[in-house]
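These features come from TrEMBL:
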type    : residues       : note
BINDING : A:M37, A:G185  : substrate binding site
BINDING : A:K112, A:T158 : ATP binding site
Amino acid sequence: MFTTILEHKPLIHHLTNTVTINDCANVTLAVGASPVMAEDIREVEEMVRLAQALVLNIGTIDADMQAAQRLAAGEAGRLNVPIVLDPVGAGATTLRTAFSKELIDLGCTVIKGNTSEIKTLLGEDGRTKGVDAAGDAMMDRESIRAFARKHKSVLVVTGPNDYITDGTREMELHVGTPRLGDITGTGCMTASLIASFLGAGYTAFEAAVHGTFVMGKAGEQAVSAQGLGDFKRELFNAISLMTEQELVEVTERVN
Amino acid sequence: MFTTILEHKPLIHHLTNTVTINDCANVTLAVGASPVMAEDIREVEEMVRLAQALVLNIGTIDADMQAAQRLAAGEAGRLNVPIVLDPVGAGATTLRTAFSKELIDLGCTVIKGNTSEIKTLLGEDGRTKGVDAAGDAMMDRESIRAFARKHKSVLVVTGPNDYITDGTREMELHVGTPRLGDITGTGCMTASLIASFLGAGYTAFEAAVHGTFVMGKAGEQAVSAQGLGDFKRELFNAISLMTEQELVEVTERVN
Amino acid sequence: MFTTILEHKPLIHHLTNTVTINDCANVTLAVGASPVMAEDIREVEEMVRLAQALVLNIGTIDADMQAAQRLAAGEAGRLNVPIVLDPVGAGATTLRTAFSKELIDLGCTVIKGNTSEIKTLLGEDGRTKGVDAAGDAMMDRESIRAFARKHKSVLVVTGPNDYITDGTREMELHVGTPRLGDITGTGCMTASLIASFLGAGYTAFEAAVHGTFVMGKAGEQAVSAQGLGDFKRELFNAISLMTEQELVEVTERVN
């Protein structure tokens, strides 16, 4: 657990999918924050008013959850409760792409997705810059920065190296292991970690960097586990045993 | 597993939240009972008729789940199937407070909550006794006993020491560890444990005491685990390996 | 992981229950396939078009999930995406029995259930053969084969020995341990395993045999674990570490 998070014990309100909801609750506890999941439209705004950060994850989205996320995002916007969006599966279906864009337009503090999801979200903005832009990695990064500036969001693009930008500052983190993709939920949990740092008062950019770093570093510490049962166990061990001091290592993992 | 539960193999019908539903199923199996989760209004009463106990948990309540819980509680009442209520988050939102009270009025065999949740539920009853009552711990206990008598329920108030009363008998259990709060679901699982004892024929008071004791004792046995991955693993190990003989230790843990 | 599955990395679309959804996602990843859970009626057909196999599990069925499963099954039928049906609780409630039969009539590639569930589904067909048929185990098997032929499905009847038939070929697998029943989800996960082999191009009969074998064999490998926390961990270890070569052992486990 991290003392800064533990001191604030921020309440992290999750509107999330049913696949990894238990892991998200546990990872939030593991770093010293307090998770709550409330998804009925009649109570979702009331819960946002108690929360220090809000996670919106569209992994098993349906009409009820959409209605709840719209209300929660609106209330969070009014109260300056920071929002972390995990646009799970954007690009895979029309519903997910459209709803991710709708939530982004409502205002998200941090948007965390894998390369494919973020590419989908950049889609239109990118196209306006001409087709040839797509082939160039450096230009691609400029698209991401432009998107971040336009939406006043911090973008986290996870991958072999994680790229984080607020449109002005940027950071490439060299941390993690491909094995994090061998179990479900490590992406969702990263959103919970970012939200936990946000809820404890870190800036959006710092929270994005630290949350992403914690998952990557824990993955490295768990990597020697042979089977997936042990890998998941060691991953939770590593996250819960990580200390404030280990966070300074972030600076050594930057390109 | 406990031989008395294993002999009866009671079916424990859960209407519960999506966060800890898997843990509740596994803990029910771990003590020798059989879990089932059926939440559609068209089948919920049919399933109650097959069950030996019913768990109602409002952790991720929505309108559909409310309708299902109302029907299930009604049928359980008609058939004398014991009900364990876990009023998760009562006090946090209006919906949860109101619906908890509605379920209590329908008749619950055991009501298990943390101090904050139970205080919320006692609210009105307490206020009728005058404001100054609140400051006195002994009076507070009398409020709990009065509430238990009024609603013909056993109350379990979890905390550093767990307090259990049917309004006449009472017990303070000195068991457990604060680390049980470091993972999600230990409260929900306690409700499943209580229901498993109820379904096997224990009285409401006995079932409440034994279910609460099993979780606390297992927490103590798991406490040396360093990380949270190992703590959860050891907790499930301890519950599944606990024997009938260890239950007599309850009497040594009473104030 | 299995190299044949890993090479194809099939997308396995799950419409499943909330109790074991996380375990199903993880077991799919553990053998080298890719799980996705999308259950909104507006996207379910679009997701089927991306998938190589579809799992339908009625464990926590409700009206929304029924609508989604109907649409998904229809689209899978049109596109020849293989379907694995897990009729959880068929026989326990009218809703589950009726809906299982409805899905079977829509066409399922593999139907996997325990003895009680399959008996329920055979019910009507069986009755037409006269009551005395029920008492004879050999006749019972003929009923299963007839059902498989009639519905052009492979049937997997799990139990102390697993029986698999497409109506012509049949196999009795001697693998597994009763301890697989001590944790929730091993049946659901078997459906995900079968779907992963199907999605990688195995025939329905082969996929049914291999998926069932993998769960049984992993159970045997985990059986020395004492507590249930360790049993589940070791089960996931065993599944994720199993190799293509170990699959040949199937032939030695046949009656």
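Along the chain as shown, residues are numbered 1 onward.
Here the Cβ of each residue, glycine as well, is placed from N, Cα and C on the backbone.
Note that this is a predicted model, so its numbers are computed, not measured.
Separation of the C-alpha atoms of A:M37 (substrate binding site) and A:K112 (ATP binding site): 20 Å, rounded to the nearest whole number. Within 10 Å of the C-beta of A:T158 (ATP binding site) we count 24 further C-beta atoms, all protein chains included. Classification of A:G185 (substrate binding site) by DSSP places it in coil, neither helical nor stranded. Proximity to chain C (Cβ-Cβ under 8 A) holds for A:G185 out of the binding-site residues A:M37, A:T158, A:G185. In this structure, the CA atom of A:T158 (ATP binding site) is 13 Å away from the CA atom of A:G185 (substrate binding site). Between the C-alpha atoms of A:K112 (ATP binding site) and A:G185 (substrate binding site), the distance comes to 13 Å.
Contact with chain B, taken as any Cβ pair under 8 Å, is found for the binding-site residues A:M37 out of A:M37, A:K112, A:T158, A:G185. There are 31 other Cβ atoms within 10 Å of the Cβ belonging to A:K112 (ATP binding site). Sequence-distant neighbours of A:G185 (substrate binding site): residues of the same chain at least 6 apart with a C-beta under 8 Å from its C-beta are A:V19, A:T20, A:D23, A:C24.
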